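> Sharing a structure here in structure tokens format.
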Amino acid sequence: MGSKERFHWQSHNVKQSGVDDMVLLAKISEEAIVENLKKRFMDDYIFTYIGPVLISVNPFKQMPYFTDREIELYQGAAQYENPPHIYALTDNMYRNMLIDGENQCVIISGESGAGKTVAAKYIMGYISKVSGGGDKVQHVKDIILQSNPLLEAFGNAKTVRNNNSSRFGKYFEIQFSRGGEPDGGKISNFLLEKSRVVSQNEHERNFHVYYQLIEGASQEQRQNLGIMSPDYYYYLNQSDTYQVEGTDDRSDFLETMNAMQVIGIRGEDQQLVLQIVAGILHLGNISFREEGNYARVENADSLAFPAYLLGIDRDRLNDKITSRKMDSKWGGRSESITVTLNVEQAAYTRDALAKGLYARVFDFLVESINRAMQKPYEEYSIGVLDIYGFEIFQKNGFEQFCINFVNEKLQQIFIELTLKAEQEEYVQEGIKWTQIQYFNNKVVCDLIENKLNPPGIMSVLDDVCATMHATGEGADQTLLQKLQAAVGTHEHFNSWSSGFVIHHYAGKVSYDVNGFCERNRDVLFTDLIELMQSSEYAFIRMLFPEKLDADKKGRPTTAGSKIKKQANDLVNTLMKCTPHYIRCIKPNETKKPRDWEESRVKHQVEYLGLKENIRVRRAGFAYRRIFHKFLQRYAILTPETWPSWRGDERQGVQHLLRSVNMDPDQYQMGRSKVFVKNPESLFLLEEMRERKFDGFARVIQKAWRRHIAIRKYEQMREEASSILYNFKERRRNSINRNFVGDYLGMEERPELRQFLAKRERIDFADSITKYDRRFKPIKRDFILTPKYFYLIGREKVKKGPEKGQIKEVLKKKVEIQAVSGVSLSTRQDDFFILHEKDADNFLESIFKTELVSLLCKRYEELTRSKLRLNFQDTLQFRVKKEGWGGGGTRTVTFTRGQGDVAALKAGGKTLTVSIADGLPRNSKPTRKEVMQSKGGSRRPPPSRGVPPAPQGTYRNGAPQFPRGDGHAKRDTYTTPQKQARAPPATALPPQNASRRSKARPPSEQNMEFLNVPDQGVAGYLGLVEGTAARQGRAFPRELRAEDLSWVLRTQRCVSARGAAPDGGSPGPSPGPIPSLGCANGSTKLQQSRDSLLLVHTRLWNCGSDFGAQ
């Protein structure tokens, strides 16, 4: 079971590794949850449900169940039809968006290294695969997929806990048309860890793009950009870590450049992006020395290359990083003074410029992606939130504080919507409910973001930054003192000499206040903005669009304020969508597969609140919907609610649930919503709804296929007419009739389908007559596919449990390429010979023109040559050698006879076929005749016809026998020799002549004109309507399928009695109309039945196949 095949599950045959849905756990405890997750993890099942919430455990290896096969398996399937998978959650989101018309979002949460970014990639990949669209949509899909490697290059880095850690937050909104095609998108980014540009902790790396550039740059790029080894650059060598296991920086660089191309970034802009990246590296190598308390650049030559790459003056760069212009006010006047910086301040300024440049390049890339996906208006959307997870390091600073605050806000959404809001909703709706206790982290969010009473940590931080210069330890110590005064007594806050502790939902985190104020101010000095605005490159000037005079007014926004606003905006956006949750768990710190650290996982299970989530889910309801929406979705299930319910919505929902026999214990009616307890009950509704829609879809598909088939077969009819043109006399019905192809209804004939390959296409299928060496007619089903033709017969089983039963037997399967030719006469008969290598097939089919034309077409496709056609009035066919007797040949001679009905006379090895002259050989259908054929029949009469033959002749080379009681066990399998015959002199009556025939004995009554395979109800109704119209009779359009079923039952009833339903021959009357379960006194239905019965009768008395009409 090591191959990927074991993962292509169906839920009924999956090896049970723990419980798929932890709502079903026998015991609810952290230990039981951890044990269940461990069982599944060790068996390589990384996904588990808690109701609709997906739990994902990082396997630290590539799993085999993310292929196209799984996409096909989960597409359109209900959640519990297959084992847990991220594709199931994504498909549920996508379908809900289309069906309910509501925006969706997925919140992926978990600590750093738990697999959130990979989960987001799988979501976007699945949506890209299952959604349709043309070239424009494909372009948007490409941008969505290519944005990942680009943003990962510039926004991800190796950390101690994760080799590909997202160092920024991303909310990717994929926008869709009403048809479900992705036609736009938007990315919101926040919390880029700019400090990583200038410094990293031990065993960590800078952003991936630096190492990609160093490894992947061409020789020309290395020379132009001054690329050296990574240990040469100060911004890269502080951590002494340059390689990442399993990462190929060279190939990743090519992927990054390709992504920029796909997104539409111009080649010159791509080059300038790389110049800025290299320029930042060279900026970091500018070092300073102290001279009389002032900073001086240690090596003036180090200024040259960054100035060259950034397009700025080298001396001006020197001035701006060693001095600063400050504004002072004296007596109402503003005056600028220049202050020389010390070494620490100069290094800070250099780093500020590097961080500012990098952040603006990153923003440019995000804006470029957004521009490429821009859509003028919004319809539907699915949002994917991928933000780096909760972080607890040995030393935690301002960045970790901001990251953990955003994660705290996301946890609050989860609590609000899955725990708090759910329980409050039950109370508001009056639902019977047992209260579940849980930890609400709103108190922690308030501790951080409150503005007043008491002020939160961020408010105190902003106040300190506004009143002090916010640099140095003095400001940070002042911050700590003010925090102790403002929130020191808070139950989730503690302080120590160098920082403070917050009791987060994920545990206690200790923050070092050193650098808090400086990083919160996050101000890029005006000197540096002016410097970059002086660049010779318009691209770099565009990255710094500030109007400095206007921007001097007002207090600058701090980093903390920006993050707080972004977090609240994000929460508001998410609250407007229907949320879905993926809770990611990191099983170990070693980043190795199949390594399980029990205590780490248990800690995550606790702070993610999985136990409380299970308890709420078990005690609560899996589904709830307001009455209007519920009716809107499931109204189709009952005739009373479809297309709209006119009464009270609550009563409509109750009626609907009772109609589908849902157990009353499985749902509760609230004041404005219906609550369904188990997912299985919901799946029952969904399955019934899908079946209804599937039925409608089949009707539409059938109509469309019929339309296409008519066009196709009209073309085929023209081609077929051309094949016989100038070679063979034609019958009027043979020229004008429509081609159908499948006259046997193969979709509903598994006993015939068994001989064909799976999904083998059928070009033609019908019952034909095959003649043996003695010219004895034998019934066969003839099936033509693109590569073979089949002859299928029936034989009685001679032994075994099915002894005595008639079973289908494959008599012949022949490759089309093996057919050497087809022989036909020049007269209007239906005979033809298929020539093969060893023996030939002498066949008769009333659809010979259609069959032969399709055979010729397929033969030409396979062999690139024309099939040989032979037209003569004396034909020969070879018979197969049997035993010691010889095979030899048989001769068929065609002569002029009387009437349109072929008369057959066998003598020795010769069969003589007599038939009257047909239409001239150069006949073609007229436009008028073609139009008449469209409204008429599908099946023309055979050239050997309907009334009985004269005494002493053979039809089909066999004597005529009276029909017995066991006639035609299969409605669709009838034999021509048992049809009623007409005298040879009798011709078809004129169009306006009386259709009534002379009375015939009951044994000759033929109901086979009603056997129209593969036409369905619509085809039959069209047939009888056209016939009624030509008889001058009214035919109500309201006739329904049940009326047709009555006619078919009447047909069987009357056939058994052997009497015509209305005159035509003596015999008992057909009896009362069978009940259809309709209301008594339905005049319209009675008229429909009467009209159909009239048509039925007329066709019977006419004594011809309906094709003659």
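Every residue gets a Cβ built from N, Cα and C, even glycine.
A TrEMBL annotation is a machine prediction, not a hand-curated record.
Found this in TrEMBL, in case it helps:
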BINDING   Gly110, Glu111, Ser112, Gly113, Ala114, Gly115, Lys116, Thr117  ATP binding site
COMPBIAS  939-950  compositional bias 'Pro residues'
DOMAIN    17-690  domain 'Myosin motor'
DOMAIN    728-917  domain 'TH1'
REGION    567-589  region 'Actin-binding'
REGION    915-1006  region 'Disordered'
REGION    1057-1082  region 'Disordered'
> Within the same chain, and leaving aside Gly110, Glu111, Ser112, Gly113, Ala114, Gly115, Lys116, Thr117, name every residue whose CB is within 8 angstroms of the centroid of the CB atoms belonging to the recorded ATP site, in sequence order.
Asn58, Asn162, Tyr388, Gly389, Cys584, Lys586
> Report the DSSP secondary-structure composition of the region 'Actin-binding' (567-589) as helix, strand and coil residue counts.
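Going by DSSP assignments, the region 'Actin-binding' (567-589) contains 9 helix, 8 strand, 6 coil.
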> Check Lys116 (ATP binding site) against DSSP and tell me helix, strand or coil, would you?
helix
> So how many other Cβ atoms are close to Glu111 (ATP binding site), meaning within 10 Å of its Cβ?
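Glu111 (ATP binding site) is surrounded by 23 other Cβ atoms within 10 Å.
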> Including all protein chains shown, what's the count of other C-beta atoms within 10 A of the C-beta of Gly110 (ATP binding site)?
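Gly110 (ATP binding site) is surrounded by 25 other Cβ atoms within 10 Å.
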> Write out the long-range same-chain contacts of Thr117 (ATP binding site), meaning residues 6 or more apart in sequence whose Cβ is under 8 Å from its Cβ.
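In sequence order, the residues whose Cβ lies under 8 Å from that of Thr117 (ATP binding site) (at least 6 apart) are Glu152, Asn156, Asn164, Ser166, Asp386.
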